[in-house]
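Features as listed in TrEMBL:
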type     : residues                                                                  : note
DOMAIN   : A:18-142                                                                  : domain 'tRNA-guanine(15) transglycosylase-like'
ACT_SITE : A:Asp95                                                                   : active site, proton acceptor
BINDING  : A:Asp95, A:Ser96, A:Gly97, A:Gly98, A:Phe99, A:Asp194, A:Gln248, A:Gly275 : substrate binding site
REGION   : A:140-175                                                                 : region 'Disordered'
COMPBIAS : A:143-157                                                                 : compositional bias 'Basic and acidic residues'
DOMAIN   : A:152-424                                                                 : domain 'tRNA-guanine(15) transglycosylase-like'
COMPBIAS : A:164-175                                                                 : compositional bias 'Basic and acidic residues'
REGION   : A:303-309                                                                 : region 'RNA binding'
ACT_SITE : A:Asp322                                                                  : active site, nucleophile
REGION   : A:327-331                                                                 : region 'RNA binding'
BINDING  : A:Cys360, A:Cys362, A:Cys365, A:His391                                    : Zn(2+) binding site
Amino acid sequence: MQKFGFSIEKKLGGGTLGRAGVIHTPHGDIATPAFIVVGTKATVKALTPEQVKDLGAQAVLANTYHLYLQPGDELVRDAGGLGKFMHWDGPTFTDSGGFQVFSLGAAFGKGVSKVATMATPDTRSDLENKDLRSDLVSTLDTDDARSEHARPAKVDEDGVTFKSHIDGSSHRLTPERSLQIQHSIGADILFAFDECTSPLDPHAKQKASLDRTHRWAKRSLDEHRKLSSSGTRSDLVQREQALFGVIQGGKFRDLREDSARTIGGMDFDGFGIGGSFTKEDIGTAVAWVNAILPEEKPRHLLGIGEPVDLFLGVENGVDTFDCVAPTRMGRNGGLYTKDGRVAITNAKFVNDHAPVEKDCRCYTCKNFTRAYLAHLFRADEMLAATLASIHNLYFIVRLVRCIRESIIAENFSQFKDGFLKRYYG
RNA sequence: GCGUAGGUGGCAGAGCGGUCAAUUGCUCGUGACUGUAAAUCACGCGCCCUAUGGGCUACGCAGGUUCGAAUCCUGCCCUACGCA
């Protein structure tokens, strides 16, 4: 069986960090840059694995926290591992659960996403942002009983104590536990357990969090080695699992570079670049990090995937992406087109009998119209989510594949400029 | 024809003298969504304006009582159910 590896096929050049390559995994190769489809709970929502494969996806990323809570990592292990359990024979990733420390912790109930929009002075949204910021900071700093009651996650040096969002029961996740669970789940590529900070956190707070994430990275790596060499249950679970370390540091250059040096200096098989970003600094933050990370190992940009971000990521040295946007947007009626995203539920599509995109080769566009999709969404039919997810994933997966091809064909810049000009008008 | 219960904004359905341009749900309109607490959430939904305010028209129709009526009274029209 093929072991994990990475080879660079062609560099983008021109002073950039971009490259096209191939990640080798026990379950097949991933031609990079690539968009990894998100299947949090061992399913890409609304799609069968055949549909996922047919739309061109190369790999699926599932989530440690979610599978641990439901149905339980041991059950997945006993089912033969993630791939067999969900009937996906291609490469698989598992995120460590670190993101849930953020989304169920500091960000809980705050409406803070991992990508913050830069506040514009003198607007109402800025006022709201400031309120949000002070609220968030005070919640994080005081740890009073009220906020404790509101938040289902609490971080300490050793790990995180969670309250399950499903039934309220208490659970504990540490770097060791995360790796144990990930080994049970049995994906090809695992991630070290990290803490994703809020984009609104100040430098000092992010620094403290980052230092802890670095200590967690070391512990994740140690546990991974231990589990990989133990040999138990090798009959059930594939053992050539790769572990990616996760870089944090928010929007601060010194922290990002410190993180890249620290994590990059450890013996990981590859790297994940974690949030938080503002919309404006995704490209720069990624460039700071990738300028330092060892070139010969793959880099995954965690949770990022709007079209412009994909171009920025690639030219700054990212090999793989994952993002819930295509599937979540799709389920909510947002469809990608070369002319920008459209809301298919808008009144103007009710009687529009053209496909979502007339030249799109996806299953949805080949067989259905905007009017039909608008109807399915308005009628609350399940097929709406399926057809929209197929189109959006096809669009994004193909976009990244086209970016890859443009690197190889040496026309990346033209492709990028042409695409972005049309997409963002 | 008699009896009973009703007629409220696109629909259903609250309100039963002032705090009602009218609770709520749905529909409808728009927006948000970036390692999925998400098939979720937010906002809007009579008309007009020199809009964190003001004006106009509104609760079947027409009158009336009252400082004030969707809310009370009278007549008319209509609906549902029961009895003829």
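Just so it is clear, glycine is given a Cβ too, placed from its N, Cα and C backbone atoms.
These numbers come from a predicted model, not from an experiment.
Site extent for substrate: among the recorded binding residues A:Asp95, A:Ser96, A:Gly97, A:Gly98, A:Phe99, A:Asp194, A:Gln248, A:Gly275, the largest C-alpha separation is 15 Å. Counting residue by residue with DSSP, the compositional bias 'Basic and acidic residues' (A:164-175) contains 1 helix, 4 strand, 7 coil. Note on the region 'RNA binding' (A:327-331): residues 37-38, 44-46, 341, 384-385, 388-389, 391-393 of its chain, located 6 or more positions outside it, place their CB under 8 angstroms from a CB of the stretch. Counting in whole angstrom, A:Ser96 (substrate binding site) lies 14 from A:Asp322 (active site, nucleophile) by their C-alpha atoms. Separating the Cα atoms of A:Asp322 (active site, nucleophile) and A:Gln248 (substrate binding site) is a whole-number distance of 16 Å. Within 8 Å of the centroid defined by the CB atoms of A:Asp95, A:Ser96, A:Gly97, A:Gly98, A:Phe99, A:Asp194, A:Gln248, A:Gly275, the record's substrate site, lie the Cβ atoms of A:Gln100, A:Val101, A:Phe102, A:Phe191, A:Phe193, A:Glu195, A:Cys196, A:Val246, A:Gly272, A:Gly274, A:Leu302, excluding the listed residues themselves. Secondary structure at A:Asp322 (active site, nucleophile), taken from DSSP and collapsed to helix, strand or coil, is strand. Proximity note: of the listed binding-site residues (A:Cys360, A:Cys362, A:Cys365, A:His391), none has a CA within 10 Å of the CA of A:Gly98 (substrate binding site). Taking only the Cα positions, the spacing between A:Asp194 (substrate binding site) and the residue listed as 'active site, proton acceptor' is 10 angstrom. According to DSSP, A:His391 (Zn(2+) binding site) sits within a helical segment. Secondary structure at A:Gln248 (substrate binding site), as computed by DSSP, is coil. Shown in sequence order, A:Pro355, A:Val356, A:Glu357, A:Arg361, A:Tyr363, A:Thr364, A:Lys366, A:Ile390, A:Tyr394, A:Phe395 are the same-chain residues outside A:Cys360, A:Cys362, A:Cys365, A:His391 whose Cβ sits within 8 Å of the Cβ centre of the Zn(2+) site. The recorded positions considered are A:Asp95, A:Asp194, A:Asp322; of these, A:Asp322 has the fewest other C-beta atoms within 10 angstroms of its C-beta.
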